[in-house]
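*Asks:* Sending over a structure as C-alpha cells; questions will come in a sec.
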Amino acid sequence: MAAGKLKKEQQNQSAERESADTGKVNDEDEEHLYGNIDDYKHLIQDEEYDDEDVPHDLQLSEDEYNSERDSSLLAEFSDYGEISEDDEEDFMNAIREASNFKVKKKKKNDKGKSYGRQRKERVLDPEVAQLLSQANEAFVRNDLQVAERLFNEVIKKDARNFAAYETLGDIYQLQGRLNDCCNSWFLAAHLNASDWEFWKIVAILSADLDHVRQAIYCFSRVISLNPMEWESIYRRSMLYKKTGQLARALDGFQRLYMYNPYDANILRELAILYVDYDRIEDSIELYMKVFNANVERREAILAALENALDSSDEESAAEGEDADEKEPLEQDEDRQMFPDINWKKIDAKYKCIPFDWSSLNILAELFLKLAVSEVDGIKTIKKCARWIQRRESQTFWDHVPDDSEFDNRRFKNSTFDSLLAAEKEKSYNIPIDIRVRLGLLRLNTDNLVEALNHFQCLYDETFSDVADLYFEAATALTRAEKYKEAIDFFTPLLSLEEWRTTDVFKPLARCYKEIESYETAKEFYELAIKSEPDDLDIRVSLAEVYYRLNDPETFKHMLVDVVEMRKHQVDETLHRISNEKSSNDTSDISSKPLLEDSKFRTFRKKKRTPYDAERERIERERRITAKVVDKYEKMKKFELNSGLNEAKQASIWINTVSELVDIFSSVKNFFMKSRSRKFVGILRRTKKFNTELDFQIERLSKLAEGDSVFEGPLMEERVTLTSATELRGLSYEQWFELFMELSLVIAKYQSVEDGLSVVETAQEVNVFFQDPERVKMMKFVKLAIVLQMDDEEELAENLRGLLNQFQFNRKVLQVFMYSLCRGPSSLNILSSTIQQKFFLRQLKAFDSCRYNTEVNGQASITNKEVYNPNKKSSPYLYYIYAVLLYSSRGFLSALQYLTRLEEDIPDDPMVNLLMGLSHIHRAMQRLTAQRHFQIFHGLRYLYRYHKIRKSLYTDLEKQEADYNLGRAFHLIGLVSIAIEYYNRVLENYDDGKLKKHAAYNSIIIYQQSGNVELADHLMEKYLSI
C-alpha cells in the first residue's frame, strides 16, 4: 500500500513539472521497445504453473519450455558478467512464473544451501551504473525523453535491472502510456518477485486497463506471497466473476465471507454468485441465517432488558467508555429504544449483519428466481416483514390465506380487532418494491386477484419513481398470459420518453395481438420496428398481424423480406466469426498486455443442473395446464352456444382445438420410436427448429401457401407424466375426443388431407393405440374421412386394415359393402383380383376355424375368439366373395357361392338378384349349351327377387325392383316387356332418381323402333332442364 501511495505522489509531482512539449518516443526507441516486448511475449508462453493460487484457467497447451529458449533469454538479460548457477535458476523461475511455466526445482548441492536464502546484492557493471545515474538525473529534471532513452540503454546492457524497468514504467505513466507502463512494471515485478506490494500495484493497473488475464495472474502472485491480503482476494474474485469463472469466484468470496461474515457487500456478492451458479437455495439460506441471527439478537436484547435494572452504575459507566471507544455499526434503533442494557455483551455475543427492508427485498427476488417455492416464499416474506415492523408476535397472520395484513382489509380481521391499541398502531405498510414482488409470487401461484391487489398499489406512488415496477408487473402478467391486465400497466409507460422503446412496444403489441385487437397491435409493432429495424422477430409478428387483418399482399411481402434478412444475418454471423481471428491479429501492439486475454481458454457456461431443469419444468407445466383448461372451457362454451353450422364458426373452433392438440402432440413420451415418422399435416410433430424465429418463419410460410397450419409446439419435448389418467388438466378420454372431433370437423369444413393427418397423429399416440376401443374408433373415423377422398388405393388399404383387425366381424363386413356402394372407384375395388385373393384367404381362414383344421393358403387368424360349435358357414364372407367374382365377370364361380347362400337365406332379395343376373350374363357369354334354359332359370330368380321387394319393402325398393326387371328384359332383347316395367318406374312412383335412367333406356328403345315422337316426349319430360 505504501508503494502505491508513493507512485501516486511521484506521479502528481512530476505531472506538475511536465512540460507541454513532452512528445512521444522517437521511432527508433519505440521500435526497439516493442521489439523487446515481442521477445518477452514469446518468452511468456503457457505451460503448467505449479502454484495452487495461480488459476488453472491460465494454463494453456503449448510446447514444453526448451533449453535453447532458456539460453537466449539468459543472453538477453545477461549483465555481461559471470553469474552463479543459483542466480541463473532463480531468474529463469521468475520468467517461467510470469509465463505460467512450470517452476523447476532447485538442484541440491553439497554446500547445504538453505531454501529461500537471500541472494547477494548484484554488482553493476561500471558502464551500466554510469548510464543508470545519467538516466536518474534526466528523470529528476523531468527530461522524460532523454530518461526513457537512457533507461532503454540500461536494459539493453543489463536486462535484469529492476530499477530500470520500474522507473521506465514511471516515465510511461507520466506520459499517459499506461499499457507500456504496465508491461514495464510487469517485467520489473518478476525481477523482484518477493515484493507482493509491487505485484499488487501491477495487478490493480492491469485490472484498470482491462487486462484481465494479466491482472488475475498478478493478484495470484500477491496471494501466494501474502495469503491474508484480502483486498487482492476480493479483486481477483471480481475478475473471475467478470470472466465467467464462477467456481473460482465463488471460492474466493467464500474465503472472504469466512474471514468477515459481517460485511453486507461480501454477503450480497456471494449470494449473487450462488444465483449465477444455480444454487439459489444456498443464497436464500445465507439471508435466512442473517435473519435468524437478527431474531436471536433481538430476543437477547429483550432478555437483557429485564435484567437492566439489576446492573451496577459502575458497570454501566465502564460500558459507556467502551462504547465511546467503538461506535456500534448497526442496530441504532435498538440502542435508542433500550439505552440501559449491557450493549458490550450483546455486541460481543450477538454480532450480525442488520436485516432490513433492503435485505428482505433481496430475499424476495431470490424466492422469485427459485420459482418452485412460491408459497414458502410468501410466508417467509410476510414473517420477515412483521419482524422488521416489530410485529413478530402476531403469528395469527400465518393462517390468513391472503395478504390483508398489509392493507386496510386487516380491519375486517377479528383477531386483529382484538389486539391491544399499541399493536394496532404499529406500522403495517411495506415498501412498494417488496409489495410488487409479493404480487409476483402470488401471480406465480395463479392468484391473480391478490397479485393485482398488490400491483394496484403502484397507483398510489409517484409514477416516475416506480416506472420500472410498472414494467416488471406488466411483463409478469404477459408471461402469465393475462394480456388485458398487462396492457393496463404497460400503457402508462408510454407517457415517459425513456420508456418508449422496443422493450415496451414489443410486449404491448403482443398483448393486443393476443386479445385480437390487430389494428392496435400493428401500430405498436411498427413503432418497435422503427426502434430496431433489424429485429426479425418483430417483423415476423407484424407479418402475422397483417395476415390476421386479411392483407395477404403485405403479409407475403414482409415474409419474403424476413426470409432474405434471415439469410443475410446468418451470412454476416459466419463472416464475423471468420474475421475475428484476423482482426485480433491486426490490433495495435501498443495496446496489448504481455499476457494477452485472447489466450484465455474459452469459457463454457456449465450445464443446467437437474434441479434447475426441474424448477423450470414445473413452472412451465403449470402455465401450460392453466392455458389448456382455459381453452378447453372456452371451446366447450363455444360448441354449446354457437354450434358448428357455419364454416366461419367452424374455423374459430378449429383454431382453438388445434392449439390444444398441438400442446398434446408436443409431448414426446406419447410417441413410440418404432411408430414415429415424419408428419406433414397441420401438426408438425417431428420437424425441429434451431430457434423460435425459424419456427415462426416456417409457420407463416405455410400460411402464405394457403395451408391450414396453426401455431404449435416448437420442438419435441419430454414431459414427466405424473398421472395415468390425465395430462395438463384434461383426461386422456377428453384429449382423444378432441383429436377425433378436430379431424372430422377439419375434413368437413377445410381439408380432407389435414383431417386425415390429425387421425394419423392420434394413431401414433401410445396411450391411444393401447386401448382397443380407441383403436376401433380411430380406424372408423379415418375410414369416414377417406370416404370423402377420391383415392381408390387409400380406401382399399383402410378397408383391408379394418378387416384384418376385426376378422370375421359381421358389422365390419357390412361396413365394407356400405363403403363400396357407388362410383367407379368402388367398382374398381370390387373387381380387383387383389381383393378376391384377400377374401379367398379369409374364407379359408374361416373354414379352418369352422372345421378346426389347417387349410392351405389361409390368412393368419387374428380373431382368437371365434365360436362356431355348429360349424355354420359365414353368409357375409360368401356374399362378398360372390360379389367380387360377379364384378370381375366370373359368373359361374359366383353362382357356386350364391347357391350355398340360397340354402341359408333363400328369401334374401340381393342373393336372388345376383343369382338371376349371374345366370343371364353367363348365358349371354355363349359359354353354355343350354343358353335359353339358363335365361329362364335366371328370370325365375329375378321374379322371386321382384316378388320379395314388392311384398316386404317400401315404394323405393319396389321402384328398384321394377327397374331391375325391366333392365334384365332389355338386356336379353325383350324390349316390349322392358318398356312395361320402365313405364311403371316412370308413372307409379314419386322418386325421380331411377326415372331418369328408365326414361333414357325407353328413349333408346323408341328410337330404335322408329318412334321418334314418343322418344322426344320422354326426353322433354324427364331429361330436359
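Every residue, even glycine, has its Cβ placed from backbone N, Cα and C.
A quick note: this is a predicted structure, and the numbers were derived from the prediction, not measured.
So Swiss-Prot says this about it:
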{"type": "REGION", "residues": "1-71", "note": "region 'Disordered'"}
{"type": "COMPBIAS", "residues": "1-26", "note": "compositional bias 'Basic and acidic residues'"}
{"type": "COMPBIAS", "residues": "46-65", "note": "compositional bias 'Acidic residues'"}
{"type": "REPEAT", "residues": "128-161", "note": "repeat 'TPR 1'"}
{"type": "REGION", "residues": "128-569", "note": "region 'Sufficient to bind BDP1'"}
{"type": "REPEAT", "residues": "162-195", "note": "repeat 'TPR 2'"}
{"type": "REPEAT", "residues": "196-229", "note": "repeat 'TPR 3'"}
{"type": "REPEAT", "residues": "230-263", "note": "repeat 'TPR 4'"}
{"type": "REPEAT", "residues": "264-297", "note": "repeat 'TPR 5'"}
{"type": "REGION", "residues": "309-334", "note": "region 'Disordered'"}
{"type": "COMPBIAS", "residues": "311-325", "note": "compositional bias 'Acidic residues'"}
{"type": "MOD_RES", "residues": "Ser311", "note": "phosphoserine"}
{"type": "REPEAT", "residues": "432-465", "note": "repeat 'TPR 6'"}
{"type": "REPEAT", "residues": "467-501", "note": "repeat 'TPR 7'"}
{"type": "REPEAT", "residues": "502-535", "note": "repeat 'TPR 8'"}
{"type": "REPEAT", "residues": "536-569", "note": "repeat 'TPR 9'"}
{"type": "REPEAT", "residues": "875-908", "note": "repeat 'TPR 10'"}
{"type": "REPEAT", "residues": "959-992", "note": "repeat 'TPR 11'"}
*Asks:* Could you tell me the mean pLDDT over the repeat 'TPR 4' (230-263), as a whole number?
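*Replies:* That region's mean pLDDT is 88.
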*Asks:* Same-chain Cβ contacts of the repeat 'TPR 10' (875-908) under 8 Å, 6 or more residues past its ends?
*Replies:* 808, 810, 813-814, 816-817, 827, 830-833, 835-836, 839-840, 842-843, 846, 914-915, 917-919, 921-922, 925, 927, 948
*Asks:* In the same chain, who gets a Cβ under 8 Å from the repeat 'TPR 6' (432-465) while lying at least 6 residues past its ends?
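*Replies:* Non-local partners: 357, 360-361, 364-365, 367-368, 371, 374-375, 377-378, 381-382, 385, 402-403, 406-407, 472-473, 476-477, 480, 482, 485, 489, 492, 495-496, 619, 622, 626.
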*Asks:* Just to be sure I understand, if DSSP states are collapsed into helix, strand and coil, how many residues of the repeat 'TPR 8' (502-535) fall in each?
*Replies:* 27 helix, 0 strand, 7 coil
*Asks:* What is the three-state DSSP composition of the repeat 'TPR 9' (536-569), stated as helix, strand and coil residue counts?
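*Replies:* Split into helix, strand and coil, the repeat 'TPR 9' (536-569) gives 31 helix, 0 strand, 3 coil.
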